[in-house]
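> Got a structure for you, questions after.
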Amino acid sequence: MDVPEETRLRHKRDFIQFLDSMYMEEIKALVHQKRHRLIINISDIHHHFREVASRILKNPNEYMQSFCDAATEATRAIDPKYLKEGELVLVGFEGYFVSRVVTPRELLSDFIGSMVCVEGIVTKCSLVRPKVVKSVHFCPSTGEFTNRDYRDITSHAGLPTGSVYPTRDDKGNLLVTEYGLCKYKDHQTLSIQEVPENAAPGQLPRSVDVIAEDDLVDSCKPGDRVSVFGIYKALPGKSKGSVNGVFRTILIANNIALLNKEANAPIYTKQDLDNIKNIARRDDAFDLLARSLAPSIYGHAWIKKAVVLLMLGGVEKNLKNGTHLRGDINMMMVGDPSVAKSQLLRAIMNIAPLAISTTGRGSSGVGLTAAVTSDQETGERRLEAGAMVLADKGIVCIDEFDKMNDQDRVAIHEVMEQQTVTIAKAGIHASLNARCSVVAAANPIYGTYDRSLTPTKNIGLPDSLLSRFDLLFIVLDQMDAGIDSMISEHVLRMHRYKNDRGEAGPDGSLPYAREDNAESEMFVKYNQTLHGKKKRGQTHDKTLTIKFLKKYIHYAKHRITPKLTDEASERIAEAYADLRNAGSDTKTGGTLPITARTLETIIRLATAHAKMKLSSEVTKADAEAALKLMNFAIYHQELTEMDDREQEERQREQAEQERTPSGRRGNQRRNNEDGAENDTANVDSETADPMEVDEPSVEQFSGTVSAARIETFERVFGQHMRTHRLDDISIADIETVVNNNGVGASRYSADEIMALLEKLQDDNKVMISDGKVHII
């Protein structure tokens, strides 16, 4: 609106007095740093003249031009030559806006025409364009120059003017525009979206367009969390001959402040800090945090521990030579359906301060990284941030990772290691930060995990991608009656539980309510329905509340920066060398390739464990804890336990067969065959009736070969085939392999090896033909 001259001059005198009394040092610093915007704290205005502060917030258009004139005059009083003719010192605001600190969702029509502070994350940035402020035109006929000023809705110097260039003067003479004498200012539009962790569940995130001009352009980039101070205005719709009552709203910025990682930090009470330190001093702190992560999920203790370390993260470092050392931990879970992989992702979403969820089929490469889009109104190119850029310094959860296209999966390679997104499209070259942890869940390539194949063949992902995951867990659906009984009991307790108000649980479609920052309860209260009956002589395993767990993880993640000690460095280097040797040995076969990235993984895990203990140093104990987790992820113990149970079942079946009469007859037949093994006729009879030969041979040696030697043979033989990726091998080579690599006091005889191979053939695991063993 157009402010009367008398009112504007009165406000100018008041503001000059205010600046002389409180902001002379800031104005001198402005001149010294060659800036053209003075930032004023609204609290200082409130202390100087209380009533004016509230009027500035409610009706800023009346005061903005007076403030700029006062700041310009105060600057000229300090240095008359600092500003050129026609230049102004712009004014921006900061401070505590009380009820006017809003998110894009809360920015309603009540705030139109007033000054607000909008907090959110930048999702789109347009290119910086020049906007004309003053045009100069020359008339060749008269030799005179004509000036024209331009104002739009973003200007505070009066009513908006037309934007049409004059082509003739008042007398009808032609005018020529002198572009070199015209004045322009930088202009850029941004899109601010509400932060993902504060978005209402089940609803699309809201956004607001922001106009940044002059020195505010390029002050932020997509993915940055910002507080934008500005005036909320409504723009009339472009209607063709009809009246449109719906208006488009924009925010005209006068100050943009970047939010740091502590912006959304919870408020800690003294009791909270004492409780956090008490938990860190406990010997079972790691187990307690893992148990509290997702108490509704039974088992998976090692995976829960890995998730705790993942949320804490390591220490990010940027060396002087420009090298970036990643501190975030990436994790992947592969396994059978219905083993709570997706539920673990949901638990991360519920606890992590910043987490964005997506799925493999519903995500594209540009949707995860960044995209170059066209503005619907101007048609110009603009950069739009993807999920990983929006989750900067957070966690990205990708479910159904195996369903993602190969082209889209390649797009996240750079993010997972370099933690940046580089775009070079449509004339735009930019590099955006994407410092996030990736947690992926996938099913095996055949639907269920095939234990006879290597982990790499089951997963079906390239090594270039697998090596970027610090941890790879194989989650199996074990058919165990005891475990199944405990899982069913646990799940039934979950379904029977109701909270104190008798409700089954919160509805995801309820309006979002911000979490209070009051003192948090430490432990979950015992509930017989939820936690089960206490057994005699057994205490209830306590779990932390979700609110306190969030505070603990946030405190340990952002307040603690551990440093590696010499003894921890030596232990990590020694363990890495052992892992490399084991990776090249024929006795072992891990889920992940052992590369130099594995060494950095151990360092990150040890650092995260030190954070969990609130320690300023990474000790040898932290390195040992990281190595235990690393060994479980690489040489997954669940596979060995499952094979042991199958081996025990086979031994029981063999023992029962030995006690039957057919077993005794088989032994007698086997002895007769051994006595005539050089007879050609007997060899022909063996090939004519293979069933009579295979069965007794197994029964003969199953009674004489110990269970340990049987297990060693199958383990060494299977690992040799997986390590060298062989489909067939000669029996002579098998004898060499098992006798050179087997752990035992005596060597395997040829008959012993043949009997064991025939047993594998009966189990449909191998096929023996022409002196060769083929893997089925």
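Numbering starts at 1 and runs along the chain as it is shown here.
For all residues, glycine too, the Cβ spot is worked out from N, Cα and C.
Features from Swiss-Prot:
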{"type": "DOMAIN", "residues": "285-491", "note": "domain 'MCM'"}
{"type": "BINDING", "residues": "G335, D336, P337, S338, V339, A340, K341, S342", "note": "ATP binding site"}
{"type": "MOTIF", "residues": "467-470", "note": "motif 'Arginine finger'"}
{"type": "REGION", "residues": "643-701", "note": "region 'Disordered'"}
{"type": "COMPBIAS", "residues": "647-661", "note": "compositional bias 'Basic and acidic residues'"}
{"type": "COMPBIAS", "residues": "686-697", "note": "compositional bias 'Acidic residues'"}
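Are these features on the surface or tucked inside, and what touches them?
Its Cβ placed at the centre, A340 (ATP binding site) has 21 other Cβ atoms within 10 Å. When secondary structure is read from DSSP and collapsed to three states, A340 (ATP binding site) falls in the coil class.
Only residues 6 or more beyond the boundaries of the motif 'Arginine finger' (467-470), in the same chain, are considered here, and those with a CB under 8 A from a CB of the stretch are 329-332, 413, 416-417, 438, 440, 592-593, 595, 597, 601, 604-605.
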> Taking DSSP states H, G and I as helix and E and B as strand, how many residues of the motif 'Arginine finger' (467-470) are helix, strand and coil?
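Counting residues by DSSP class gives 0 helix, 0 strand, 4 coil.
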> Within a 10 Å radius of its Cβ, which of these binding-site residues (S338, S342) has the fewest neighbouring Cβ atoms?
S338
> Quick one: what's DSSP say for G335 (ATP binding site), helix, strand or coil?
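Once the DSSP labels are grouped into three classes, G335 (ATP binding site) ends up as strand.
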> At a 10 Å cut-off from the C-beta of G335 (ATP binding site), count the other C-beta atoms across all protein chains.
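Result for G335 (ATP binding site): 21 other Cβ atoms within 10 Å.
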> For K341 (ATP binding site), write down the residues of its own chain that are at least 6 apart in sequence and whose Cβ falls under 8 Å from its Cβ; none is a fine answer.
M333, G335, D399, A441, V475
> Residues other than G335, D336, P337, S338, V339, A340, K341, S342 within 8 Å, Cβ to Cβ centroid, of the ATP site?
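Other same-chain residues with Cβ inside the cutoff are A441, N443, V475, D477.
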> Let me make sure I understand the structure: which of the binding-site residues listed (D336, P337, V339) has the fewest other Cβ atoms within 10 A of its Cβ?
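Among the binding-site residues D336, P337, V339, the sparsest Cβ neighbourhood within 10 Å belongs to P337.
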